[in-house]
Structures are given as C-alpha cells and as structure tokens.
Amino acid sequence: MAYQEDLHPLLGKAVEHINRVMVGKRDIAILSLAALLAKGHVLLEDVPGVGKTMMVRALAKSIGADFKRIQFTPDLLPSDVTGVSIYNAKTMEFEYRPGPIMGNIVLADEINRTSPKTQSALLEAMEEGSVTVDGHTMQLADPFFVMATQNPVEYEGTYPLPEAQLDRFLFKLRMGYPSFNEELDVLSLQEKSHPIETLEPVIAKEDFIFLQREVQNVRADDSIKEYIVEIVQKTRQHPSVQLGVSPRGSIALMKAAQAYALLHHRDYVIPDDIQYLAPFTLPHRMMLHPEAKFEGIQAEAIVREIMSAVKVPVQRSAVR
C-alpha cells in the first residue's frame with residue numbers, strides 16, 4: 001500500500017472519482033494515473049471479472065478522453081489494430097480508416113490471447129507513437145495510453161509476451177479480489193445501475209496534457225539517480241537472475257517517480273517514491289534462471305531483497 005500523503009488537488013479528484021467505480025482499488029487508480037502522467041503504459045495481469053475493463057473506462061471518463069477497446073483473439077490481424085487503407089471509388093484514392101489504436105485511452109484486452117504478430121503491431125505503435133499503413137505514417141492521439149490486460153499464463157490458449165515486449169510497459173500490476181466488505185459495497189453500488197454510466201470528467205483533457213509536461217520539471221537529484229542505478233545494477237548481478245533490468249528500466253523508474261511525485265503535489269522525488277514504485281516497475285523486466293523459477297523464486301521478491309540491501313539516500317521524507 002502507498003504511504004499516506006496529500007495528492008495534487010486536481011489529480012486527487014480524479015483518483016477519488018475512479019474510486020467511486022473501483023471500490024478498494026485506490027492504489028491501482030493512483031498507479032494508473034502516474035503511468036498516464038509519465039506517458040507510460042500499464043500491463044494488468046489478473047483473472048477475469050475483477051474490474052480491469054471498468055478501471056480503464058473510469059480513467060478515460062475522469063479526464064474526458066476518448067476510450068477505445070481492442071478485444072484480442074487468436075484470429076485478430078495487425079490491421080484490426082492499426083487500421084486499413086480502403087479504396088474510394090469516387091475519388092479513386094485510398095483512404096485511411098483508423099483502427100482502435102487511434103484512441104486516447106486504449107484497452108488492449110487479453111493481449112496474450114492473440115498471435116505474436118498482432119501483439120507486435122500494438123507494442124510497436126506504443127513505442128513509436130505512430131502507426132504506418134501502406135507507407136503513410138499517422139501520429140497517435142495525445143494523450144495516448146494503453147492498459148493491456150492479460151490472463152495468468154497458466155490459462156489455456158495464451159501467447160506469453162516475450163521479455164523484450166514486456167519492457168515496453170511502465171508498470172505491471174495485479175488488482176486482486178476485493179475483500180468481503182468491498183465486495184458488499186460493489187453489490188450495493190450496482191444494485192440499480194453501474195456507477196460508470198454517470199461518471200463525468202473532473203479534469204479537462206488539455207489540463208491533463210499540461211500536467212504531463214510538468215512531470216519533466218520534477219527534480220530527481222544525483223542521490224536519487226545513484227539509488228536507482230545501484231538497485232538496477234544489482235538485478236544484473238543477482239545469482240537467480242539470467243537477464244537483469246536494462247537501462248530502459250532505470251529511465252522508466254525515474255520517470256515513474258517524477259510522475260508519482262507530481263501526483264503527490266511535489267516538485268522533487270524522494271527515496272520513498274523509488275521504494276514504492278520499484279516492485280511495479282522492475283520485476284517484469286527481469287528473466288530468472290530456469291532453476292530459480294523451478295524453486296518458486298519470484299522477481300518481485302528479488303527486487304525487494306535488493307532494496308533492503310541498498311543504502312537509502314538521506315533526503316526529505318514523505319509524511320507517512
């Protein structure tokens with residue numbers, strides 16, 4: 001659970017707004033907003049029926065953004081994601097018909113149920129910020145955010161994302177089942193209708209884009225950068241790790257921390273930000289040795305072990 005600290009007035013409203021729909025998932029709402037602020041993307045892994053789709057819809061509605069959904073299936077084609085060129089007999093020219101990737105907030109539902117080729121079409125668009133169809137390049141919407149969902153790998157009919165593709169996601173999150181009381185609240189909220197239907201924007205899309213630009217003005221001093229690098233480099237030296245976190249992971253953790261600091265109405269990063277975010281930012285970028293997997297060792301546990309061994313820089317601390 002995140003440490004207790006006041007949120008940015010505007011962004012705090014969005015968090016509470018999402019929490020009206022997603023009972024008991026405040027931390028997931030905060031992390032999703034942080035990823036969107038950092039211009040990153042989120043991979044949400046969990047069993048069906050825990051509210052992954054509602055989370056993305058609530059996020060989109062809270063900032064007045066255009067929401068698109070892609071339901072990934074084994075027969076989905078790359079053009080079903082990126083769009084196609086259609087011949088117009090009247091103009092005798094080909095016209096681009098946009099795919100769902102052209103939305104602001106895109107739900108890539110069950111991404112591990114489609115072929116690697118179609119997965120790549122989405123992931124390359126996420127990386128480049130554009131799509132190319134028949135030689136023509138189209139820029140993606142601004143803001144642009146993908147929340148991809150996947151079922152756990154033990155489910156049948158899945159195509160696991162390779163490590164190089166997982167690296168494209170800022171965070172990998174799990175929602176989990178609600179508690180007894182939370183599930184009671186869900187039933188009460190949906191007794192007559194779903195609260196998502198009456199959700200209104202609390203931040204204008206243009207204001208959110210401005211806040212995204214403000215993230216780069218959040219300071220991460222040298223001690224914070226050294227702290228990040230030391231943690232990341234130790235993932236490459238750990239005996240259970242076959243492939244450690246790349247420099248892209250270091251950058252991702254710093255950007256995530258800057259966004260998280262802004263969300264908490266600060267213009268500087270503190271060690272608490274790194275400690276809280278590292279378990280969501282680093283483990284999915286690591287490949288463990290087969291014997292470590294066989295022994296049940298988890299990448300997240302390795303990250304926590306490393307953080308417990310790395311000296312924390314002395315800085316201003318958040319109020320807990």
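Glycine residues also receive a Cβ, built from the backbone N, Cα and C atoms like all the rest.
What Swiss-Prot records for this protein:
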| type | residues | note |
| --- | --- | --- |
| BINDING | Asp46, Val47, Pro48, Gly49, Val50, Gly51, Lys52, Thr53 | ATP binding site |
If you count the other Cβ atoms within 10 Å of each Cβ, which of the binding-site residues Gly49, Gly51 comes out on top? Gly51
Fewest neighbouring Cβ atoms within 10 Å: which of the binding-site residues Asp46, Pro48? Pro48
By Cβ count within 10 Å, point out the most packed of the binding-site residues listed: Val47, Val50. Val50
Taking the recorded ATP site as Asp46, Val47, Pro48, Gly49, Val50, Gly51, Lys52, Thr53, identify the other residues of that chain whose CB atom sits within 8 Å of the mean position of the site's CB atoms, giving them in sequence order. Thr149, Met175
Neighbour count first, Cβ atoms within 10 Å, every protein chain included; then name which of Lys52, Thr53 tops the list of binding-site residues. Lys52
